[in-house]
Structure formats: structure tokens, C-alpha cells
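Annotated features in Swiss-Prot:
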TRANSMEM  16-36  transmembrane segment
TRANSMEM  65-85  transmembrane segment
TRANSMEM  96-116  transmembrane segment
TRANSMEM  161-181  transmembrane segment
TRANSMEM  206-226  transmembrane segment
TRANSMEM  234-254  transmembrane segment
TRANSMEM  256-276  transmembrane segment
TRANSMEM  303-323  transmembrane segment
TRANSMEM  330-350  transmembrane segment
TRANSMEM  401-421  transmembrane segment
TRANSMEM  524-544  transmembrane segment
TRANSMEM  583-603  transmembrane segment
Amino acid sequence: GLLLFPTATKKLRRMWAFPSILLLSIVMIFSTXLSIQQINSSSIYQYVWSWTXDNDFSLEFGYLIDPLTSIMSMLXTTVGIMVLIYSDNYMAHDQGYLIFFAYMSFFSTSMLGLVTSSNLIQIYIFWELVGMCSYLLIGFWFTRPSAANACQKAFVTNRVGDFGLLLGILGFYWITGSFEFQDLFEIFNNLIYNNQVNSPFVTLCAALLFAGAVAKSAQFPLHVWLPDAMEGPTPISALIHAATMVAAGIFLVARLLPLFIVIPYIMNFISLIGIITVLLGATLALAQKDIKRGLAYSTMSQLXYMMLALGMGSYRSALFHLITHAYSKALLFLGSGSVIHSMETIVGYSPDKSQNMVLMGGLRKHVPITKTSFLLGTLSLCGIPPLACFWSKDEILNESWLYSPIFAIIAWATAGLTAFYMFRIYLLTFEGHLNVHFQNYSGNQNASLYSISLWGKGCSKRINKNFLLLKMNNNESSSFFSKNTYRSDENVRKRNRGRPFINIVDFYNQKSFSYPYESDNTMLFPLLVLVLFTLFVGILGIPFNQEGRDLDILSKWLAPSINLLHQKSEDSTDWYEFLKNAIFSVSIASFGIFLASXLYKPIYSSFKNFDLINLFVKTGPKRSRWDKIINILYXWSYXRAYIDTFYTTSXTGAIRGLAQLTDFFDRRVIDGITNGVGVMSFFV
């Protein structure tokens, strides 16, 4: 009986996943019914009851059901259900299985409470609960120092934004005397119309409110917690990046847009932060080796597209991209979890190895379903039609030209970067050969190695056979394909007076290898469902409103909110303009995919790329300058733009120095005075 007890309890505890999934499914059914009602009737529901009442002060609690609420509740429930089903298998062997599901359910509940809130105080309460849940889940494996540090970093960074949010809430209560959204918007618009507000103070309060969204949605400069949040289990990474925590910041700005839209400086500030984050997130994703961190920086960049759209006043485009990105990014994160799960059969439980794209490659032969779903998510994020993100991102890109040509150029260029780094992740993970069998990561002298020195792929220091391909002058600077920490044997380099542009290194070994395998059905089912969303959810926002037929579902859904913002929906779509812009955006994305394929496609399986690469590779002083530029870009990307280093040396270092000074003052000065008085009294 004692021998069978652990097996029996494991099966019993997995039963507790069912109530969580069932309850969230019931909420999803209610959310779907509310969404259908709103599409048909364009209505807004609000119910409020008094929590505390006084002569001069009253605090109400209630719920507000409008298009924004129904969209966010649909996202949170549909993605949440898929993540919970996926987690049942992913976390089955974890000792904290039950507490993980408790945290996940509480996380979903907090997010649903946040999106249904009818006033700022209620939003702030659930805002803090969402932050607390993220702290618990990011640090779920708290015995690992990296996870413990990551959850503390996320908590402290979000406290900065939350403090600004609290001050902004109090500031607007001081101005309007109300926390309720409907009253707040009406009173504030009247004050603006009658010119009865202090513009600098109002702008400051609005900026403080926006600071909360900057921290929660990982916008520059409070984005530093997001890549470290990947230390948590992969299912929670999917939930945070798709439908809960980072979406909360976008939700807050969208909810308060009627307030921000009458303060021009704030709208400009929101769009500026958005465009900076768009470019920064894309450049930081270029050289990441951890598959989840690469996707995290992708999330940061895509959230900035939404923030840019909100700053431009394009409410519909921002929410459309929020919907399409949520399903595509959930698919990518759950797909990466399936990859990590399969890699653990070879490297064991070691995030440094199982998440490292250096050791991946060739997985398409072993995990074909995961590969196909990941490829569809990648194509969607790249903006390839007819997948979901193509429709929403194109809308933002087109509207950016009307707002600012400079912002538009950056946004369009970043679309090409997005295609480049996403296909880099895909190619390093699924194409070529399984590099874990050719990497000497275990320290064995007989380990096989068959590697290409690329961004994201290393070259051994021990070389038996060195095929020199595409030789170039031996300069101190390394090439685009290599980082100077990945060096060939020095004697080989001196003997050949050149560094190989591509090193192919081969070791022979009689050892038999194990191979990854496809995940179980409970992990594949959510992937297939999210594939369907990725394929078809874009239909919601396609502007089919020609010849008197209005089939634009998203515009009908958002009609009450758009009317509140005093915006007009376009009656018809200029299909010539649409096709022209679509062809341009797809061309940019295709160019990014082409570059990624040329640089990261496995060379050892196709030597046809050499002639193409030779067109771009020439020796001489110009090549040396190009290598320096590439090294600077690599160091910028891999070192996270040095922002973490700056915070560590300036903010963290200053706080620690102040703490040490305070400790010295307490021990030496305060205690010294006390002890001195005691000694003096002894002599007296």
C-alpha cells in the first residue's frame, strides 16, 4: 500500500485541475454571451453599489460591461483555459502542482476583476492582485536563485509604476471628486471645455497614470523585468504575455483614453514611448539564445505597436492587435514549452540547456505538430497573410503615416526586423540537425561537434578537422556570424592567416544518441485550438463593409466605445490603398525572412548559399568597419542595450551605498554616542 500511495495521490491531485478548467469555461460562456449581445445591441451595462457612504465621500463597487470588458474577458478566459489544459501535463511531475493551479486560477480571477472594474479604486485593487500573482508565479521555482531574483525584479519594477498609478488616481480624484469612470470622464471634459483646470498639474497626473501602464506592459524604460520573468514555468509565460499581466497596461490606457485624448501632450508622450519600445524590443531580440527570452522581447515590441496605436488615437487598431497578438503569442509560448519539454528528455532538467537554441535544431523531424504550429505562429507575427496579425499590424502601420512619417518609417522597418528575428528563432530551433548531439556541453573529450559559428551557435576550441570556407582576412574584429568569445584554435588561425567565415567542425563518436519526442495530447490539443484562432481570428477586423453590407464585426462590437471617443468609423475601405500597403508590408516581412534564411539556414545541409553569401562578404577595410558595426549591434542586443547594467550601477548601487552608510551611521555614530555616555557615566 505504501508503494502505491504516491501514484494514487498523483492521480488524485490531477483531478483538481478539472474544477479550475470547468469554472473558467463557465466564465467563458458568459463572456461569449455578453459579447454577442453587445455586437447585436451596442449596449453598455453598469451596476454599482455603495461600499462606504458619508456626507462628503462615498465609495462604490460594481462592474462595467462594455466592449473593452467583453474583449478582455474573452481573451483571458479562452487563453486561460488553453493554458490550464496545457499545464495539466506540463506540471504533472512537479511537486507544486496543486499550488500552481491555485495561483493560476487566482491570476485569472484577478484579471477578470480588473477588466470588469467600474472605478479607479477597484482597478487599483485588482491591479495589485495581478502583480502579486505574477510575483508568485515568476518565482514559482524559488529554490533556483535566478527565479527568486527574477520575481523580486518584477515586483520592484512594477512597484515603481504602481506608485505612479496611485498618485495619478489621487490627483484626478482631487480634480474631479470622483473615482467612477463615467463621472470622471464627464466632469473632466466639462472642466477642460470651460478651461477650469491647471494644465501642468493635469498633464502630470495623466503621466503618473500612464506610468502604471508602462511598468505593467513592459514599456521603455520599465521593461527590464520582462525577459527575466521567463524564469517561471512556460505556461505562466504564455498567460502573462498573451492575456493577463502585460495586457493589463494596454487595457488601462484604452480604458482611460477618453481622459487622455483631451490632453494632447500625453497622447504624444504615449506614442513616443510606444515607438521607442517597438524598436528597442526588436533590436534586443536579435541575438538572444534563450528561446523564451527571444519571444519575451518580441512581446515587448508588439505591445509597443499597441501603445503607439493608442497614442495615435487609433482605439480600434490597438484592440485588434491585442486580440490577434494574444492568440499568436500564446501559441508560440506553448509551442516553445513543448520544445523545452522534448529537449529535457536529452539534457535533463536544466533551463540553461533545454531553453538554449544553441543546442536545438532539426526538431521538425521529431516534433512535427509542434513545428507546424510554431511556424504558423511565427508567420502570423511576421505579418504574412491571411494569418491574424497581418490584418491588425497592417492597420497600425498604415495609420502611422498619417500621424508621423518618422514614426511610420521606424514602425515599418521594425516590421522587417520582426520577421528576421522570429524566423531566426524558428530556424535555429527546428531546421538543420540536432546540435545537442554535436556540442561538447557535458565536458566529454569524445563528444561530437558539428557546428557553425553564427549568432546563437558556438564553435569548439578543440578542432580535429577544420574545413575553411569563405576565408577572410584575420582582423581582430569578428564577423557577423561569430562573436569573439567563440574562437577557433589560435594556431589554426595563424597558420591559415585568416578566419573562416563559416567553420564546420566534425568529431567522430561511437556513442548512440537519444532523441526528443512529441508532447502528449493534453499539450498538443491547446496548440491545435490556438492554431485555429491564429488562422481565423483576423476575420473579426477585416473591413468587409461594401455595398451596404456591414460585415466588420469588430467595428460593430466597439461601436459604443468609439462613439464615447467621438470618433467616426470609415464607411468604406479603399481596397486599392489597402492592397498597395499590404504588398509593401508583406515585401518588407519577406525580405526579413529571406535575410534570416540566408544567414541562419543550416549551411551544412545546403551549400548553395555560399555563392549568395560571397556576394555580401568582401575582405578589406570596408569589411573591417562592417564587422565593427555588427559587433556593436550584437553587444547592444545580447547585453540588453546595457540598460540593466545602468540600473544595477546607478539605482541598485546607490541604494546599497545608502544602506551601508545608514548602517555605518547607526552602528558607529548612534551606538557610539550611547556607548560613550555609558562609559563616561562609569568614570563619573
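For all residues, glycine too, the Cβ spot is worked out from N, Cα and C.
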Note to self: At a Cβ cut-off of 8 Å, and with pairs 6 or more apart in sequence only, do we get at least 3 pairs between the transmembrane segment (330-350) and the transmembrane segment (256-276), yes or no?
What the structure shows: no
Next item on the list: Could you pull out which residues elsewhere in the chain have a CB under 8 Å from any CB of the transmembrane segment (303-323), counting only those six or more residues past its ends?
Entry: 68, 71, 75, 213, 217-220, 246-247, 249-250, 253-254, 257, 261, 267-278, 280-281, 388-389, 391-393, 395-396, 399-400, 403, 407, 411, 537, 540-541, 554-555, 558, 561-562, 565, 567, 569
Next item on the list: Spell out yes or no: are there three or more C-beta pairs under 8 angstroms between the transmembrane segment (96-116) and the transmembrane segment (524-544), with each pair 6 or more apart in sequence?
Entry: no
Note to self: If I count Cβ-Cβ pairs under 8 A between the transmembrane segment (401-421) and each of 16-36, 65-85, 256-276, 524-544, which range comes out on top?
What the structure shows: 256-276
Notebook entry, point to check: Based on Cβ pairs under 8 Å, which of the stretches 65-85, 256-276, 524-544 lies most in contact with the transmembrane segment (16-36)?
Noted result: 65-85
